[in-house]
């Protein structure tokens, strides 16, 4: 029977087919719910009624919990499902209704416009922090499983298939180039379709690519699949996560960004030994299959149920301020065309190229250098793994410092510390010097990934953040691909890493200078309007 009448209130009269707590318990018999006899139960348990029962239970559970917050929406939903509003079903689910209301009274959990989280924390914890936690897990599973553990598979795959290590490593380079050239398109997809849909496509590409790797038999299979994985990583990791967190936070944007991006280094630190165990027990083919399934199971539900592009989709404002009219507030900032016309954009792009090139060069050549100066491969790998652990802490610390002292100042300090750390690495023959390098280099390395999106949002606003940051990320990935090649060539020509590491020190300091020169949006607009390059009507 269709539901009719006003929606009423949660604790008052409800339309037919709904029960408020008072109405529900007023109709409950004193002797409680009487279970049907076995004979009657056997009669009713046919294939069709079982399907109807399960569907009714799911629908009632979904609708009752939504009704608490979206009465009109749920009434329309119930009207379309009137076939389930029969007396028999109402009698059967009488106890279920009571149980659901009891769960609500105990404030156990609820389904909120696609988001799932404990109700008892609703008024205490801003939903944006659940978005941050989801981004952490997504970066952990995608970036940590795929990128930061690639080296674990190099030896078993290359030896098992009879390929050279350099030949197999080109698969990662193909993925990096796919990430680079896909980044600008990802930004446009986010601006047009939103972050959840874009991230969902990326998670599917990554997971399916990892699964299909277990059947790869030719080297070009790896190249093609890593191109697919690279496009997926571009769509699901750095660009959308940066945009989502920038939308959800203003005052605590730095620490939120740092917490989310902890997932990249934490994933590498934890998943490397786990992947080694999987390889030892199952081999590389089954390991790829297992990891692909894990990637999809750990990321897709979070994208569907937790991630939201901006707080206005949940009737909130950034930093947790409630709003009943926040959904129509326009985002301010530059368009992509305006941003490209600023020097700030090119300073940010140059910074990303230099700092990412430096970081990836150390990641590729640190362990070979430590073994060259007399340390064992196990010690060298452990030392670099410890530096990634300090990097995880540094991401949160840099976000906290950015909120307190500013992103540019924090970035400059971290760059100086990083340059000192690379200088220490040149004298890393004693063990204690290596341990000093692990801390001095690793801790500030968490800053660039956390602070660069903050500076980008400060310079260009959030109006077209996805497109702007996506284009800038192109330079970051190009630096990651080119930097290790240059350092490797310098080593081949001189037989020493000294010249290459000195170049990395210069790149680090030059990157800090570039980020310091990037002007804030307001500074650019004042100068551009005064010079006639920007009209006042274009400033939104």
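Just so you know, glycine gets a Cβ as well, placed from its N, Cα and C.
Marked as domain 'Major facilitator superfamily (MFS) profile' by TrEMBL: 129-523. What TrEMBL records for 126-148, 168-187, 199-218, 224-248, 255-276, 288-307, 345-370, 376-398, 468-491, 497-515 is transmembrane segment.
Sequence-distant contacts of the transmembrane segment (255-276) (same chain, at least 6 residues past either end, Cβ-Cβ under 8 Å): 128-129, 132, 135-141, 143-145, 147-149, 152-153, 237, 241-242, 245-246, 248-249, 287, 291, 385, 388-389, 391-392, 395-400, 402-403, 446, 449-451, 453-454. Annotation: stretch 468-491 has the most Cβ pairs under 8 Å to the transmembrane segment (168-187), among 288-307, 376-398, 468-491, 497-515.
For the domain 'Major facilitator superfamily (MFS) profile' (129-523), the predicted model reports an average pLDDT of 83. Ranked by number of Cβ pairs under 8 Å to the transmembrane segment (345-370), the listed stretches 199-218, 224-248, 376-398, 468-491, 497-515 are led by 468-491.
Listed by sequence, the residues of this chain that lie at least six past the ends of the transmembrane segment (224-248) yet keep a Cβ under 8 A from its Cβ atoms are 128, 131-132, 135, 138-139, 142-143, 146-147, 171-172, 174-180, 182-183, 186-187, 189-190, 195, 198-199, 201-210, 212-213, 216, 256-257, 260-261, 264, 299, 303, 307-311, 318, 331, 449, 453-454, 456-457, 462, 465-466, 469-470, 473.
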